[in-house]
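Only one structure is covered here, and it is reproduced in the block below.
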4 protein chains.
Amino acid sequence: MSQRNIRVQPTEDRAVEDQDVEIVERKGIGHPDSICDGVAESVSRALAQEYLDRYGTVLHYNTDETQLVAGTAAPAFGGGEVLDPIYLLVVGRATKTYDGRRFPAESIALEAARNYLDETFPSLDVGTDVIVDVKLGEGSGDLQEVFGEDGAVPMANDTSYGVGHAPLTETEQIVLNTERKLNGPYSDDNPAVGQDIKVMGKREGDHIDVTVAVAVIDDYVENMSEYRETIEGVREYVRDLASEYTDRSVDVHVNTADNYDEGAIYLTTTGTSAEQGDDGSVGRGNRANGLITPNRPMSMEATSGKNPVNHIGKIYNLLSTKIAQSVADRVEGIQEVQIRLLSQIGQPIDKPHVADAQLVTDDGVSVADVESAVEATIDEELANITDVTEAVIEGDISTF
Amino acid sequence: MSQRNIRVQPTEDRAVEDQDVEIVERKGIGHPDSICDGVAESVSRALAQEYLDRYGTVLHYNTDETQLVAGTAAPAFGGGEVLDPIYLLVVGRATKTYDGRRFPAESIALEAARNYLDETFPSLDVGTDVIVDVKLGEGSGDLQEVFGEDGAVPMANDTSYGVGHAPLTETEQIVLNTERKLNGPYSDDNPAVGQDIKVMGKREGDHIDVTVAVAVIDDYVENMSEYRETIEGVREYVRDLASEYTDRSVDVHVNTADNYDEGAIYLTTTGTSAEQGDDGSVGRGNRANGLITPNRPMSMEATSGKNPVNHIGKIYNLLSTKIAQSVADRVEGIQEVQIRLLSQIGQPIDKPHVADAQLVTDDGVSVADVESAVEATIDEELANITDVTEAVIEGDISTF
Amino acid sequence: MSQRNIRVQPTEDRAVEDQDVEIVERKGIGHPDSICDGVAESVSRALAQEYLDRYGTVLHYNTDETQLVAGTAAPAFGGGEVLDPIYLLVVGRATKTYDGRRFPAESIALEAARNYLDETFPSLDVGTDVIVDVKLGEGSGDLQEVFGEDGAVPMANDTSYGVGHAPLTETEQIVLNTERKLNGPYSDDNPAVGQDIKVMGKREGDHIDVTVAVAVIDDYVENMSEYRETIEGVREYVRDLASEYTDRSVDVHVNTADNYDEGAIYLTTTGTSAEQGDDGSVGRGNRANGLITPNRPMSMEATSGKNPVNHIGKIYNLLSTKIAQSVADRVEGIQEVQIRLLSQIGQPIDKPHVADAQLVTDDGVSVADVESAVEATIDEELANITDVTEAVIEGDISTF
Amino acid sequence: MSQRNIRVQPTEDRAVEDQDVEIVERKGIGHPDSICDGVAESVSRALAQEYLDRYGTVLHYNTDETQLVAGTAAPAFGGGEVLDPIYLLVVGRATKTYDGRRFPAESIALEAARNYLDETFPSLDVGTDVIVDVKLGEGSGDLQEVFGEDGAVPMANDTSYGVGHAPLTETEQIVLNTERKLNGPYSDDNPAVGQDIKVMGKREGDHIDVTVAVAVIDDYVENMSEYRETIEGVREYVRDLASEYTDRSVDVHVNTADNYDEGAIYLTTTGTSAEQGDDGSVGRGNRANGLITPNRPMSMEATSGKNPVNHIGKIYNLLSTKIAQSVADRVEGIQEVQIRLLSQIGQPIDKPHVADAQLVTDDGVSVADVESAVEATIDEELANITDVTEAVIEGDISTF
């Protein structure tokens, strides 16, 4: 039996899949809040990697604050322009001196932020359309001890809390994949589709409404007719995509605020509403699993940009989701599992104060039937907790 | 019967008060995230009031983004100093031209932010310790129509969601009031107690641990002995205070990270950790009811700084809490009520897509017994929805 | 005879007083460039004073860069308002760590800048109308040695150049005193006169045109008639004042760009054109003697904000003016004297590479008659060179 | 005879070439002040060009303020790194709305500034090493009228003053060409020579000392020996170059502050001292003719960044230099000519209040001999005054 404090118990509530009303939202990678998440996490990864390259260990830093101030733009069919650049302020702390030598934290942050924007937004001219500013304070040297000896498991730096669940409901799968595929294969073939894609799924009983807002890129649409074709294309694509995940009836709504008669459409020059009036900041959008799920407990933690070595809130939110997925994958008879991890400050992070699994089992399966398998899975994942840190630094886990 | 779509139903889960483990947190008014919430909301109120004074109506604005970059300080017994000022960037949009005349949105924002800091932090010298910067873009004139005719109920500007609950559990009451009273009557008598107070309550069964982190102000403590007295005084005060709200056993822990032997204590010059290393931004801390409650559904909405006339996310989060309180106050036999409001874009905000009440009733009371009273209360509160707007502008409702 | 390399010689040119055309300009203390000069010098003095108070010596710093970005304002008879605040960025270097302890350079700079603005501009609300930002880099520790032992004369840190002259011509006296007295006794009695006063004197033969641009403060003028009275009052005052300095004919022109019919007048809310469209920076306006004198050699050196202990450009510009005044005061028979000081890097600053006096003597007086008296005066002033540093830190010498 | 007020007269002073002591300085294109000049002028040209392209006319703007805040760097043989990026704030005013459409002034400014840096500094990584920020206010629409009808000569917007002289003295030629050729053909072959080159020439009688400070780029020097070779190479090159311009004796001093024993050398990563501790701003360095010449009258005007259509200070400084060159080139018998132009506000800029030529003629030539030729040359140049504007916009005239 595990030495860890693991509790497995039934939930008293219905599985979310069975509840009457379900709401799920995802802010795509081009949403101003997600831009900040993505920049913050890129800066974090670049710092961690450079600390590793130079010193063999990740030093203290935290870059979980980025503020975006929207620009002004004049989109136009066939190609408009940015009038006032977007302003992006990267904020945080980092160790700037180690072993008597200076570490170029701000230059690394600046480069990482600019590269991320460059790679993420094909229609954004990072040299002209964005001002990237950086204010990184000096990280506290005192905190370096937290990171411990090589190979040792770090101690929790705070009393914090992570929550994850699996598997995703049909609505969650539709919302998540709608954005990911529109921003992936679909936009490869349809460059008019911008990165600022917001998806809301609302299920009432057995009917799902998927509402998509897509920033259309003006360079690729010459007139209203092409704009409408773009919207119609998205609608059809999402409708087909949704049917892969559900047998429920699905209605897809795209850019519902458009008014063709008044010429009020969602046209952009850069592919993001950050070009015109929409500010953003870290931690205001998607949770660590990429979704906003009001039907489920969520953590307030801003996962992106935090130090993945010892920031317990970041690690536990990512790990609880990973554990839930492992339980759902490996253990038969589970309809829904929610994992909560509560840290104990000053204790090794692989030994949470409590790791708590709440299960909805399939008909005919009792919690007792699966308890030991669930516990073993949780135990194993906790033993491998530092894998999460590595995967984050490698960029193998998304944080928003 | 109401013309509104109101649903009253039982919840299947236990009341939070009866759950095994409960976690509750509050970031005090001096926490860097709360500073941003407070500034954003002050700026919002000042703009709304000035629009009313000049034009008789609130114009379009949104100031729900403020970024705080921590300073550097050298606290010392008897009085230390700020070395590098805190940097505070107020971000948002506002209507700057109306009827052909300019409106001084940025000057108003600057003044409101500075005044708020001045009033909230007696030991912060706003002229020396803080740089307040402002970037307010031009609000979209197109959106002004949303606000409608005089007296008319505005239309929802988005599909959004609010959630509230009542009454507070014992742990919630303890956490909320610990911070409020420490930052109120207690600090009036004990100026050594700074505004940056973080309270975490953890209840396991019938035992509650209250963990308080208090920024002590160096001007008022001459030595370690006085510091320890300050901490001990807080501990006793909170212990007594907790006993007013519960008969459960309570342990109180204050500044647990202190290490007197190493001289590692939580001493500040200004009363907030923003002076040294802790950045902050809007919407990262307390929810609209002043608490972070992982046991309950929470909205991701950043309530502070949003326009209280038509920002449906703000209004519905505040209103759902207000409705829950009214139901709990007025209707007998209810142990716990949770209210969810889901807006319908383009519809009057007093007619949500659905207003949903989930009840835990007292033993011997069925939902059917109270359904009509609950529905009537919800209906009445929705009918008076614009009261929320007024109360926010007057500053009668806290948003964080 | 002096050990210093002092040369006294006749100039071949006519005295400026005798030249055909003479142009003299002064930007008053409220001109955006002068605001930057004043802020930079205030910050410099505050840092120097605090270094002295803490360490008994002035450490390395240089704050000779301040950038002002104009605001936007809507002046109106009886009182208008600032719409977008002025933005002021204080830039420089300062020693931030000494003897292992941090020095609060940025907080001191912020306070000094704000206090200077507050004291200088009665109608500027520093809390609302100005954003003061600070970016002070770390001063190079290596340079501390330059400052030498207690009481020792510092070494020159650069090859630099200072130039001064005396006495002032009539036109120079009129221009200088017009601004000083308008911004002194006159505005005490006439608060409608703002601080942004620009004076240009042009003498052609025996006729002097004095052109004055005065920012009128809207709070103190209720209508066009009062505005015109204000302008007329200034004109009369300056006409009388000019007659104290010259017997030549003088015409005084005030706010010549005004067009009453079109309502185009120079009305401000704060007393400076920085409120609306006029940017500024250090070293772009008056030279160290308070004037811009195209008829005379001038140094490009930005005197304000530089370290008065060892910045040789600052010291030599102030000292050469001081020497010229002493020569003119003490030595009979001198119509005009120009002093040039050229430093030698690495040598004590009281031993310039060359100190060069060019004289225009009175009729009947030869350079030989006064040479030894002039040389003795120069020698004595150089011997007391550190008095300049003290006077600057005390604020007894103006730098712009 | 000309309708313009042109005066030709002898100067009473000796030609500068014949004076005992002459000092000349040039800050190279990589000096922080010159970086600001270059950026400001690039932004100006880009705006002017884009206004022309869109509207056929240049609208009101002024971008003569750029503030550079130095970064921090750790240069090292073989290649070091920038630790904290340089911060560059582009400041000014521009017309942002014309004919009801927005003009992208800030985006154009940002792009121009970044491109200029990119082209000018091969070893500066603009994406990583510099933060470029922009604050351009709204230009006053009222001023557009100044620009007049197509083809019309604009009116002077101010009482301003320009001064120029020709030909250059030997020392001036040496100083100017030392920097230009080091930063041209020489650095093409010797990439170790950075752009921040400061040249001071001091002539005493018939001996000239040329002092050069060269920022060496660390990527191209592997060790102290290579550094010394680089310095020696520069010394030899400058010595040879100087001999092309003078028969006087010349000593060349390069990086005199170096101390090889202490390892104190002028090594940089980017080629400019802006990377470490040297701030800069517009108008603090070279005058419009590329030199600082304390022996001659100079204008305080910051030429770079100003609007070349109607900013009289810019135009008159550039034109007076151009006129002086034409006079020196075309009229026989002139040893030295100084041109002064004084504007008259509200009058056409080709009709200055006075255009004044002061001549030193060759032995045997009287002013009367050349007066009419000089006057005709001045008259012709004034008639073609708008050529200056065009040449500035085309980038054919350097402003610093």
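Cβ atoms here come from the backbone N, Cα and C positions, even for glycine.
As written in TrEMBL, here are the features:
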BINDING   B:G137, B:E138, B:G139, B:S140, B:G141, B:D142  ATP binding site
REGION    B:271-306  region 'Disordered'
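The structure, with features from TrEMBL marked on it.
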residue : record           : Cβ contacts under 8 Å, 6 or more apart
B:G137  : ATP binding site : B:G92, B:R93, B:A94
B:E138  : ATP binding site : B:R93, B:A94, B:T95, B:K96, B:T97
B:G139  : ATP binding site : B:L59, B:H60, B:Y61, B:N62, B:R93, B:A94, B:T95, B:K96
Task: Beyond the flanks of the region 'Disordered' (B:271-306) by 6 or more, those residues with Cβ under 8 Å of it - done: 16, 19, 21-27, 30-38, 40-41, 43-44, 62-73, 75, 82, 86, 92, 121-124, 129, 160-165, 168, 172, 175-176, 194-196, 215, 217, 313-314, 317-318, 321, 338, 340, 398-400
TODO: Pull the DSSP breakdown for the region 'Disordered' (B:271-306) and write it out as helix, strand, coil residue counts.
DONE: 3 helix, 3 strand, 30 coil
- [ ] Return one of helix, strand or coil for B:E138 (ATP binding site), based on DSSP.
- [x] strand
